[in-house]
Amino acid sequence: MENFKNNELESSPIINKNNSSHSINNEDNNYYSHNLEHNDNNNNDNNNTITNSHINNHDHKHNHEHEHKHKHNHDHNHDHDHNHEEEYGHGNELEHNNDQEHNVGNKNLLTNNNNQSKKKKHGHSHGGGEDGSSSGGGGGRHGHGHSHGGGSGSDHNHGSSDEDDEESKPLNQLRNLDSKKKARYSLILALTLTTIFMVGEIVGGYFANSLAIMTDAAHLLTDIGAMFLSLFAMWISQHPPTSSMSFGFHRAEILGALVSVLMIWALTGVLVYEAIQRILYPPDAVDGKIMFIIASCGLFINIIDAIILHWGSGGHGHSHGGGHGHSHGIGGGTQKKKSKKNRLLNNQGQDIEDLGGENGKNKKGVRNINVHSAYIHVLGDCFQSIGVMVASCIIWVHPHWKIADPITTLIFSVIVLGTTIKLLRESLGVLMEGVPPEIDVSEVKGDLSEIEGVTEVHDLHIWSITLGRPALSVHLTILPTIDPEEILSIANKILLEDYEINHTTIQIEKPLVKDKCKDHSCPPPKPKKKKIKNDNLSSPPNQ
């Protein structure tokens, strides 16, 4: 029970067994005092300091149960009817000896009548909690920050212990390394290893008289050229947009990858021609032992390069944060991601969340196409090295089977060409402004059509500026009574959260405007009406 008094100061500490009395000092000349009944199952003397951050207008009974296994065990029964927006701080010193005295110093804004129910926000800090309704489970040090607002939701941030944070810092720095830097470092390291080994292969292939080894060395030469080209493309793609290149130079990466693929195809054609010549005109003796040693070393180097480039391409990058975001509805359960059909315009005055913050959805890793093209080169070299090892083993055991050398060259040349098909398709898809393969146009159109107030979706175009940078333009026809700004906000939210498209151009149209708009073309000009001459009116009748 709480008694509110205006324009007078009361401080009434009361000490009762199994009862606690609160004295409240309010700076805004609104005062109240209330008694709380506690059932404490604690025979120990504990001194606790509880700091809460509340924003409320409140009049409440506390009737809830907490069982904390850190410094004390007690039962509190609290009944909360939360609906408040006020800020107050509790400095409570509790003596648990079945007789409790509570001194509370509050700075609040209270504008309520007696016996009025309140809704409030809580800020809790639990150290090492294992049990309880809001503890995260597990021992050790665990911090919780809770914000409960009037049944509309709550946010939880669960942080790990300080020791865990210190231990995970180097790993997090490695994971969070800028993708561009990671790609550049991987290319430089792979380029250095490849150059050193290429020189060794050229010398070894010359003395072994092996076309397969010389073929592998030639592949390494194209790898080096492709890596230099990739580094140049990455450098120029970082240049800002200009007046003549409004999208910037992002597609330089795509051009570099395309040229790299064409280099592989050209070199493979030359090697196939040489292999056919060796089949028709067999060479002199081939040293299978030297071939095997060099091919084994080549395979080892290529595997190292492949691991480095796969790491640098960022194809499986993950971002692991230390916190969790939850939203709790009126029923108290966790509210999952809204379904597409529920993202409707139910409230004209609703707020649209900031989608660019740190708590937004983590994007899945997008691989760097230049590093990936170099990775394809190295992967082809791995196949080539395996082929050389097979041929060298055959020639080592049976020296007269020299034909195994060009045959393996032909077989693995075809395999190398096969590894470039996907990269070639991706490069051409971006240059031809095709729809990104991970996005379904019909699904996007259906999601936009489900927005309440949208009557039609047309002129939908989706393309990629470069890999991982999709763009979209669309026309949305809406009802005349709907606010266009709300439709625009909801459409952008759907596109960003579900499809990770943040470069959008959305045109909102009313029905009259839509009638003049056609897909993919402007309305044709209206034909001019022909004037019909009337001879009877132009010349007087003959008499």
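Numbers here mean position along the shown chain, with the first residue as 1.
Every residue, even glycine, has its Cβ placed from backbone N, Cα and C.
Feature annotations, courtesy of Swiss-Prot:
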{"type": "COMPBIAS", "residues": "130-140", "note": "compositional bias 'Gly residues'"}
{"type": "REGION", "residues": "1-175", "note": "region 'Disordered'"}
{"type": "REGION", "residues": "319-342", "note": "region 'Disordered'"}
{"type": "REGION", "residues": "516-543", "note": "region 'Disordered'"}
{"type": "TOPO_DOM", "residues": "1-186", "note": "topological domain 'Cytoplasmic'"}
{"type": "TOPO_DOM", "residues": "208-216", "note": "topological domain 'Extracellular'"}
{"type": "TOPO_DOM", "residues": "238-251", "note": "topological domain 'Cytoplasmic'"}
{"type": "TOPO_DOM", "residues": "273-289", "note": "topological domain 'Extracellular'"}
{"type": "TOPO_DOM", "residues": "311-375", "note": "topological domain 'Cytoplasmic'"}
{"type": "TOPO_DOM", "residues": "397-402", "note": "topological domain 'Extracellular'"}
{"type": "TOPO_DOM", "residues": "424-543", "note": "topological domain 'Cytoplasmic'"}
{"type": "TRANSMEM", "residues": "187-207", "note": "transmembrane segment"}
{"type": "TRANSMEM", "residues": "217-237", "note": "transmembrane segment"}
{"type": "TRANSMEM", "residues": "252-272", "note": "transmembrane segment"}
{"type": "TRANSMEM", "residues": "290-310", "note": "transmembrane segment"}
{"type": "TRANSMEM", "residues": "376-396", "note": "transmembrane segment"}
{"type": "TRANSMEM", "residues": "403-423", "note": "transmembrane segment"}
(request) Count the CB pairs under 8 A between the transmembrane segment (290-310) and each of 187-207, 217-237, 376-396, 403-423, then give me the winner. (result) 376-396
(request) Kindly say whether the transmembrane segment (252-272) and the transmembrane segment (187-207) touch, using the definition of 3 or more Cβ pairs under 8 Å where each pair is 6 or more positions apart. (result) no
(message) Same chain only, please: residues at least 6 beyond the ends of the topological domain 'Extracellular' (273-289) with a C-beta under 8 Å from a C-beta of the stretch. Say none if there are none.
(response) 207-211, 215, 392-397, 399, 402-403, 405-407, 409-410, 413
(message) Let me spell it out: take the transmembrane segment (217-237), skip the flanking residues so only those 6+ beyond its ends count, and list any with a Cβ under 8 Å from a Cβ in it.
(response) 180, 183-184, 187-188, 190-191, 194-195, 197-198, 201-202, 205, 248-253, 255-257, 259-260, 263-264, 267, 270-271, 368, 370-371, 373-374, 377-378, 380-381, 384, 416, 466
(request) Take the topological domain 'Extracellular' (397-402) and find every residue of the same chain, 6 or more past its ends, with a Cβ under 8 Å from one of its Cβ atoms. (result) 282-283, 285-286, 288
(message) Within the same chain, where does the topological domain 'Cytoplasmic' (238-251) have neighbours whose Cβ lies under 8 angstroms from its own Cβ atoms, ignoring anything closer than 6 residues to its ends? I mean 6 or more beyond.
(response) 180, 430-431, 465-466, 469
(message) From the DSSP assignment alone, can you count helix, strand and coil residues within the topological domain 'Extracellular' (273-289)?
(response) 10 helix, 0 strand, 7 coil
(message) Within the topological domain 'Extracellular' (397-402), count helix residues (DSSP H, G, I), strand residues (E, B) and coil residues, in that order.
(response) 1 helix, 0 strand, 5 coil
